[in-house]
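*Asks:* From Swiss-Prot, for reference:
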- 125-311: domain 'ATP-grasp' (DOMAIN)
- 151-208: ATP binding site (BINDING)
- 282, 284: Mg(2+) binding site (BINDING)
């Protein structure tokens, strides 16, 4: 039976469809004859306890020069019988949080929201990994520049990054004796006012930062290793990393088995976990990517697997 699939995303005008996971989800929903509705960015509202949005009928095509057609926008109540894909990219700022609160009200009115709005509020993608310390490298999250500096000195090499970044932005590699360490810490913590994360530098990054996708807590059998290029230490695709599919190894599956049940319990139906070597570094719940690359390299239809789960009610 056709469903109404409502997508909350960044402007569709600016996406790169060859790599855009949200676009792959829309293609699959349309292939299944579901009705697509595009939410005008920033248009969620609350009126007398009901969530509304400006939405337009959407058609998509796998054509890099002409990939969508929008109908006329109109005010639509969000609720009963709808599938709402919350696919806005970080940062998870106040406006993002407010949108999830409005989506929680739509969920209470009968919508199925993916991922669960409460989980999106609760699970910062850097901090969430620390729910599973047995899987993680040595990590410190702090505003205290002195403590962060001592951590780098103890580990000898460390990665330093903000808690709200994505795509490799504002990530630093530093080491004991680095003359730039103080200014890096001043920048990341805004002079001690903002939390930042420090993790032991993992040499295995040269083999790739593995993105493992979970659907209802169960891993896809292949991951995408994002391999840094040249003298770059970041594997992120947005930072120029090269993506190479690989079958999951035993340690990957063990980490997924630690993380998956808790993600499912929290309603995080589509999740990306990042693994470097033997260690979990992040849990991506807002808008996990790498689906299109894995589909292309492995002959998969990951969006189809997700919609199979959605259509059964989960």
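Heads up, the Cβ atoms here are built off N, Cα and C, so glycines get one too.
Set these features in their place in the structure for me.
*Replies:* Of all Cβ atoms in the shown protein chains, 23 besides its own fall within 10 Å of the Cβ of residue 159 (ATP binding site). Under the three-state DSSP scheme, residue 159 (ATP binding site) falls in the strand class.
Annotation for residue 282 (Mg(2+) binding site): spatial neighbours 125, 126, 128, 129, 273, 274, criterion Cβ-Cβ under 8 Å with sequence separation of six or more.
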*Asks:* At a 10 Å cut-off from the C-beta of residue 151 (ATP binding site), count the other C-beta atoms across all protein chains.
*Replies:* 19
*Asks:* Fewest other CB within 10 angstroms, which one of the binding-site residues 175, 199, 284?
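*Replies:* Lowest Cβ count within 10 Å among the binding-site residues (175, 199, 284) is 175.
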*Asks:* According to DSSP, which kind of secondary structure is residue 191 (ATP binding site) found in, if we only use helix, strand and coil?
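*Replies:* Its secondary structure by DSSP: coil.
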*Asks:* Identify, in sequence order, the residues in the chain of residue 183 (ATP binding site) that are 6 or more apart from it along the sequence and have a CB within less than 8 Å of its CB; answer 'none' if there are none.
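*Replies:* In sequence order there is nothing to list, since no residue at least 6 apart has its Cβ under 8 Å from residue 183 (ATP binding site).
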